[in-house]
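This report refers to the structure that appears directly beneath it.
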Amino acid sequence: MKLLLVEDSVRLQRSLASGLKQQGFTVDQAFDGEEALEFLKVNKYDAIVLDLILPKVDGLTVLARLRANGSDSHVLILSANDQTEDRIRGLDLGADDYMVKPFSFDELVSRLKALNRRRSGVKNPVLEIDGVRIDSVSRIVSFNDLTIALTRHEYELLEFLVRRRGRVFSHDQLIDQLYDASSYVTRNAVEAHISSLRKRLKATGAPSLVKTRRGFGYLVE
Amino acid sequence: MYSIRTKLNVSIISTLIVVLSFTAVFLHTRIKNHVVEVYDSALYDKSQALISLTELDEEGLEFDFAEDGVMTEFLGGDSPEYYQLWENGERLLIKSPSLGESDLPYTGTAEKKHRTADILLPDGRNGRLIEINFMPRVEVDEEDMAGLSELPQPKLITLVLARERVSLNKTLFAIRFTIIAVIITVLMVSTLLIWYLIGRGLIPLSSLAQQVSGIDESSLHARVQNEGGQIEEIAPIQYQLNHLLERLQSAFEREKRFSSNVAHELRTPMSELRTLAEVGQMVPDDPKQISAFFTDVGEISRQMENIVTTLLELTRSEAGLLRSDPEDIELSRFCDGVWMQAVNGMDACKQLVRQIPADLIVSTDREKLGMILKNLFINAVSYSPEQAEIQLSTELQNNQVMLSVKNIASDLKPEDLVYMKDRFWRKDKAKGDQNHSGLGLTLVEALARILQLDVHLSLDNNNVFIVTISGFHVVAN
C-alpha cells in the first residue's frame, strides 16, 4: 500500500515513516503543502496521511486541489485540531477519515488498512484464493495451514495483485506501488520478486498465482 | 416573573377604574342635588302659590286654593298632592281633601324659613314635602275697614305641602343608569385601547427581547437592531448589549484561538512522543534508529519543558507571586550580555546594531529585564531574514528611557499586532521551527507589567517590526 505522509514536524515524520515502513507501507514524505502537491502531480497513492497546519500551502487546500484534480486516493487527516467544525470541514472537503493528535500508531495503521480494504472493495481482512490464505492484518500467507515465508516486497506484491484480481500491472506500475519515490529500482528487481514469490508458493504446493502477460505485465486471475 | 405589558395594563386600568368611579360618584351627586334642587324649587313655587292664595280679612282666614275647582290635584284621584296648614303650629287650619284622615308631619321651622324632606305619602308612594312658615296677607276693603275697630292681626301659619317624587326618582334613576353605562363603556373602550397601545409601545422592547433570546454562542456575530428607528429608551440598552456582544465575541474568538493554539503546541509534541515510543518498540534491534529516537525524545522534552516553564512564569506573574527587585543596571553592557546568551546556540548569523549611551544606567529588575530582552532577541533573530541586522536603541524622554528592538519581519501584517501578545499565537503555526511556542511576547508583556514598563508593538511601512519598552527610570546618564 503506497502512502504519502504530509507532516511538517520533522520528528513526527521520521518516526511515523519508520513505523509505517515497518508495517509494510511504501511511504513518500512531504514536509509542506507545496511539496505534497508536487508528489501528487507525479505519483498515485492508495492513501494520503495529511496534517492540516502546514507551511506554504495548508492541508485543506491540498485536499481541495487533490479532489479538484479528480484523485480518488483515500485521505486520512491527522491533525491537532480537535474541534467538530474542523472535522466536518475536512470530511466535507473529501477526506475519508480524521484522527486527532495525539494518536495511537496502531490505530493509524488499522485505519489505513481499513481504507485500503474499502478501496479494493474487500471488507474481509483475510483474502483467500485457490487455497492460499493472505491475512492482511498479521501479514501472514499460508496454504493448507502451512505458513509461506515471504519478504516484505513479495508480500506487498502478492497482496496488491490479489486485491486487484484480473487487472494487469506493468513493471513500472508495480515499482511505483512497491517502492517510495526516493528509491532507485530497475524492472529486474520486480521480476526477481515475482520469480521468488512463485518459487516460495510452489514450495508449499500452492499454485503460483501470479501470471505473466507478455508485453503487458503481471496479474492474478 | 411578570409581564411589563400585563403589569402596565393592570396598573393603568385599576387607576382608571378608581378615577372613573370617583368621577361617577361626584357627577351623580352633583346632578342628583341639582335635580332635587329643581324639584324642590318647583315645590317651593307651588307653596308660594298656596301662600299667595291665603289671606286674612275681616272675616278671618281665607284659603282661596281650597275653593272648588281651583286646585283639583289636592282633591284626590290617581296622583293626588297634599297640603296641611297650622296656626302657630298648634291649631290645624285646613288640610287637603286628599289627606282624608291622615296628617302630614309637622316639625316646626323658623319664620321665613323652609325645610324640604322625603316622606312616605298616605297613599304609600314616596313623596317630597316642603314645610314653610308665613304670615298671611291681610286683605280688608276700605268700606269694611271703616266698620272695624282694629285691623285683624295675622298669626304665623305653617304650610306643609307634599307631592309624589316618583318622577324625580325616575329622573335620578335615568341619570344614575346613564352615568354607569357611560363609565362602563369608557372603561371597556379604554381597556382595549390601553391594551393595544401598550402592546404597540412595547414592540421595540419585545423585538429587543426576541433578538436577544435568539443569540447563542454560534451567533455572537449578530448585533441587536433598534427596530422602529432610534428609540431613546432602547438606544442605550442596544448600545450596551452590542458592546457586550462584541466583547463576548472577541473573548470567544480569543478562547477558540487559544484552544486551537494550545492544541497545536501541546498535542503535536505529545503525538511525537507517543509515536516515537510505539515505533521504537517495533525496532528494538535497530540501535541507530533507537538512538535517533532518543535524541528526538530529548528535544521534545526540552521543548515541552520550555512551554511548561513559561506557562508557570505567566501563572506566577498573574497570581502576583513575582516581585520586582530593582537595581542599577548599565544598560549597554547588560544588553550585550543578554544578546550573547540569546544567540548562543542559534545558527543564524545576525548582528546586533546597538545605539545605547555607554554611561546610561537604569533602575530595574536585572533577571526579569534579562528574560524580556532574551525573548525579544530570540524572536528578532528567528523571524528576520538571513543576514538581517537587529537594531537596539534608546531614547530619553522626561527622565525616562524608551528602549526599542527593531527587525525586518516580511511576513508580518499590521492586523497581526492585535494578537501577538496572545498566548500561543504564532504567525505561522506550521512547525518549521520547533523552538518557538508563541509564548515569548506574552511573557514579555507579563514581566514588563511587573516592572511597571509599557510594551508597544508596531510595524512601519518598510515592514520593520518595532517593540518599544518604555518607562525605565534613569539613574545616571
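Each residue, glycine too, has its Cβ placed from N, Cα and C.
Feature list (source: TrEMBL):
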- B:6-27: transmembrane segment (TRANSMEM)
- B:173-198: transmembrane segment (TRANSMEM)
- B:199-253: domain 'HAMP' (DOMAIN)
- B:261-473: domain 'Histidine kinase' (DOMAIN)
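Same-chain residues lying 6+ beyond the ends of the transmembrane segment (B:173-198) with a Cβ under 8 Å from its Cβ atoms: 5, 8-9, 12-13, 16-17, 20-21, 23-24, 27-28, 31-32, 35.
Helix, strand and coil residue tallies for the domain 'HAMP' (B:199-253), in that order: 37 helix, 0 strand, 18 coil [DSSP]. Averaged across the domain 'Histidine kinase' (B:261-473), pLDDT in this predicted model comes to 87.
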